[in-house]
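Enquirer: So that we are looking at the same thing, I have put the structure below in structure tokens.
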Amino acid sequence: MSFSRSEAAPAAPLPDLAATLAALRDDAFQQLGAAFVTRLPAAPLPAPYVVGFSDDAARMLGLEPALRDAPGFAELFCGNPTRDWPQASLPYASVYSGHQFGVWAGQLGDGRALTIGELAHDGRRYELQLKGAGRTPYSRMGDGRAVLRSSIREFLCSEAMHHLGIPTTRALAVIGSDQPVVREEIETSAVVTRVAQSFVRFGHFEHFFANDRPEQLRALADHVIERFYPACRDADDPYLALLAEATRRTAELVAQWQAVGFCHGVMNTDNMSILGLTIDYGPFGFIDAFDAKHVCNHSDTQGRYAYRMQPRIAHWNCFCLAQALLPLIGLHRDAPSEDARAERAVEDAHAVLGRFPEQFGPALERAIRAKLGLALEREGDAALANQLLEIMDASHADFTLTFRHLARVSKHDARGDAPVRDLFIDRDAFDRWANLYRARLSEEARDDASRAAAMNRVNPKYVLRNHLAETAIRRAKEKDFSEVERLAAVLRRPFDEQPEHDAYAALPPDWASTLEVSCSS
């Protein structure tokens, strides 16, 4: 059968939302008990509508992308139907504690997020969480709502980070509403459907350690090992092995952040994933003009979470996790006394934490070597990379474009230097460095074209710059969601040229320098 231009093909039937709802099931975390979670329905969100949707995240969950058009989709993924769910099936908020800006903050918890269950697909299970679904027992002074602005930023950055190859939570959808909420100004509400294999944070362990609840602490550790670190079960000390794996993943994650110029903004221990995922997208930012001291969070007046500080803070956060796990480390070994076990546990934990620099450093060096197009490893490579970063810092050269344009530099002469050279104020400094770089490239067997292709596979052309997100947000506030979709599509192919979208890779406009992001959302 064929259709003429004047005839429309019959529309495919929309997915059955009831089937999706039926597939949701209680996840293993809530089975840990009432000490871990509180069940409650989401707060009603009036007249919800779809702002953004990720086909890719839907497929990861085994869902049809056409689900977004199914009747009731926006209602379900803002949590409205949960008011009618039986008590035993209600969503839940989890409790945790943590250090915020280096200070013990005590009990925190999911103050505006509810986990509605999990979906299984391709041998993996994914938890679905609604961020902005209303007040919980852990909301403190908050209203439990997320705003459209921050929800769009989280949705877009979740997509961007995933397609950059950086471990991250995902975002299935953003649901908006005209319901007003008060922040620094009047804004409107939104809910993000976040997806991850687990939302367990360092702060979950800190909570039960600080409250002297060893049984719950052990149950939590056993849950994480059983579900996500099964190899740790066979280790001589499973809990020490858990610390080692979480520390390694954290070190490697932050190395990936540094390699793309990503600043998280709020690296509190309650924002650190036990799985080594980027989690809790708040006042984040990708660096434009490079500044190693760059602080993306306007609320971070002391610069604790500056770009250059992220590795040190991640290491410190792992110490906090280690402290929380100390009561468990060594339980599988015979010890003459509890004091002896505890003393040995401290020694073993310090040994694990001492490996962080040797995990982070080589991971970052490998990433930077690839960004420079160096297939061979040479003793002076780290110094060459550091010299580049120093002159980038001095000239405030654009981070993303500098590395992307380096692919045009030839090992033979300076004819390809102009695009990257023009990013530097001190061009003599760049010329001196470029001569060193060319000399290093002469030791490589690859020709310029092969090297450039390899570099363009690791140096993105497109990242989520703040002004791009701001443009999409401004249009979304006028009920035009096309820019959210367009920008998300570009960010799903960050390494491709996409010449029709060159404007998204351009240097930021002057007005972008006035943008500020903070913890206000």
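Keep in mind that glycine also has a Cβ here, set from the backbone N, Cα and C atoms.
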Enquirer: Can you find which of LYS131, LYS293 Swiss-Prot lists as binding ATP at the same site as GLY109, GLY111, ARG112, ASP143, GLY144, ARG194, ARG201, ASP280?
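Expert: Given GLY109, GLY111, ARG112, ASP143, GLY144, ARG194, ARG201, ASP280 bind ATP in Swiss-Prot, the matching entry from LYS131, LYS293 is LYS131.
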Enquirer: Which state, by DSSP, holds ASP270 (active site, proton acceptor): helix, strand or coil?
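Expert: It is helical.
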Enquirer: Given the binding-site residues GLY109, ARG112, ASP143, ARG194, which lie close to ASN271 (Mg(2+) binding site), meaning Cα to Cα within 10 A?
Expert: none
Enquirer: Taking DSSP as the reference, which of helix, strand or coil describes ARG194 (ATP binding site)?
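Expert: SS state of ARG194 (ATP binding site) = strand.
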Enquirer: Which Cβ among the recorded positions (ASP143, ASP270, ASP280) has the fewest C-beta neighbours inside 10 Å?
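Expert: Per-residue Cβ counts within 10 Å for the recorded positions ASP143, ASP270, ASP280 bottom out at ASP143.
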Enquirer: Could you tally the C-beta atoms, other than its own, that fall within 10 angstroms of the C-beta of ARG194 (ATP binding site)?
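Expert: So the number of other Cβ atoms within 10 Å of ARG194 (ATP binding site) is 26.
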